[in-house]
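Have a look at the structure below before the remarks.
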Amino acid sequence: MFMASLNSSNHDQQEEDPGSDLQYNHQIIPEPSREGFTSAVSNATHMRQLLTRCAELISRSDFSAAHRLVSILSGNSSPYGDSVERLVHQFAKALSLRLNNCCYAAAAAATTTTSAASASIIMAITPTAAAAAALTNDRNNVDMTEPEEALQSCYLSLNQITPFVRFSHLTANQAILEAIDEGQKAIHILDFDIMNGLQWPPLMQALAERSYPPPMLRITATGHDLNILHRTGDRLLKFAQSLGLRFQFHPLLLLGNSDDVPAFPPALALLPDEALAINCVLYLHRLLRDDSRGLRLFLHKIKALNPKVVTIAEREANHNHPLFVQRFVEALDHYTAVFDSLEATLPPNSRERVTVEQVWFGREIMDIVAAEGNNRRERHERYESWEVMLRSSGFSNVPLSPFALSQAKLLLRLHYPSEGYQLQIRNDSLFLGWRNRALFSVSSWQ
């Protein structure tokens, strides 16, 4: 029943972005010759070594050598080249920003603790103190470097040219359907960071088809822009009306860029015969700081709501390591696989590919590499870390069904045909990866 709705998210997205007249035909890019392949692997290995060496130099405060290496990396990269050149371009930009931040901090400290002569040596490798300060301020406000509307638009492209978001939505929706009885009269979904609401039309269609009369559906959704939340609610309401589905939408605004534990609104009070599902797709990692107290408080709060199911999708990577070099190497491995997957399935002149690489993934890389302390938000953890935190908060894992795996396989076969994408069920959860590296996980909890 639900499998038939695989195509509906595409239809909903086209409504979301009516200005786009492009059709995406994913294709498997031909493999290079053996000789060319060997050369490409050698170049990728060399670039990786240089990037890692640069990160090590910055961590040791050898700013002069790091500055020279950043210049070499920048000169041998391009946002329009192959996957290696594009990856190096993004990481070189992030390293450059981190280097400027470190240089400015060192120069500021030097002016108060050392002679003017030694301070001038440090300042020589940065443009000016004012320029470095500006860069530092930009880093502190990295979440505002792209307007919310631009990020929402980029999210639509991400959803269409990669399987990662749709895989997360599809698998989470199936877990919700299986956790809630068919005879349930009312369902309330609490969705943290709803974005464009692309996840919900397929679920609404499935609910409308599996029982008559269909249940009443309420969605309480969080976001950072009230206008976008209202537009999302209006679109979902129109879609629900077309299905004959009773529907209510409650926006919950997260003030500013704060991802602190949100206050739960009165709308969360459950109505009689209403089942609660909580959806956290690519959200929980933002609640982590240098410790996990905020996240654990959040988990205890949602556990107290006694939901029927909590669906969680996260990156399968440790981008929260306290040591910079370890975090950098982990990020380099993760995004190498991501950029390779784009190279294998999209043409090099794809505007949407460039936008996703620079705006979406580039912003994440900048955050992981250049930010520190509370300014760093992209604190991805591996599944095993989430499992420990969830179990310690009283949750137990609900196994995903074989049907969820079948749906994910069908999604890849129909819309993202490449042998590189791989699915795996592990620890009763579903993982999507590229080649031999897992990139995303979806799990269900109660």
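Backbone N, Cα and C define each Cβ position, glycine as well.
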- Item | Feature motif 'LXXLL motif' in TrEMBL, mapped to one of the ranges 94-98, 164-168, 284-288, 409-413 | 284-288
- Task: Look up region 'Leucine repeat II (LRII)' in TrEMBL and report which of 33-65, 231-263 it refers to.
- Result: 231-263
- If you check TrEMBL, which stretch out of 187-191, 302-306, 337-341, 402-406 is marked motif 'VHIID'? 187-191
- According to DSSP, how is the region 'PFYRE' (276-367) divided among helix, strand and coil residues? 55 helix, 13 strand, 24 coil
- Message: When secondary structure is assigned with DSSP, how many helix, strand and coil residues does the motif 'VHIID' (187-191) contain?
- Response: 0 helix, 5 strand, 0 coil
- Message: Checking distant contacts: for the motif 'VHIID' (187-191), what same-chain residues at least six beyond its ends satisfy Cβ-Cβ under 8 A?
- Response: 176, 180, 199-200, 207, 215-222, 268, 270-271, 274-279, 281, 302, 305, 307
- Residue counts (helix, strand, coil, in that order) that DSSP gives for the region 'SAW' (370-446): 28 helix, 23 strand, 26 coil
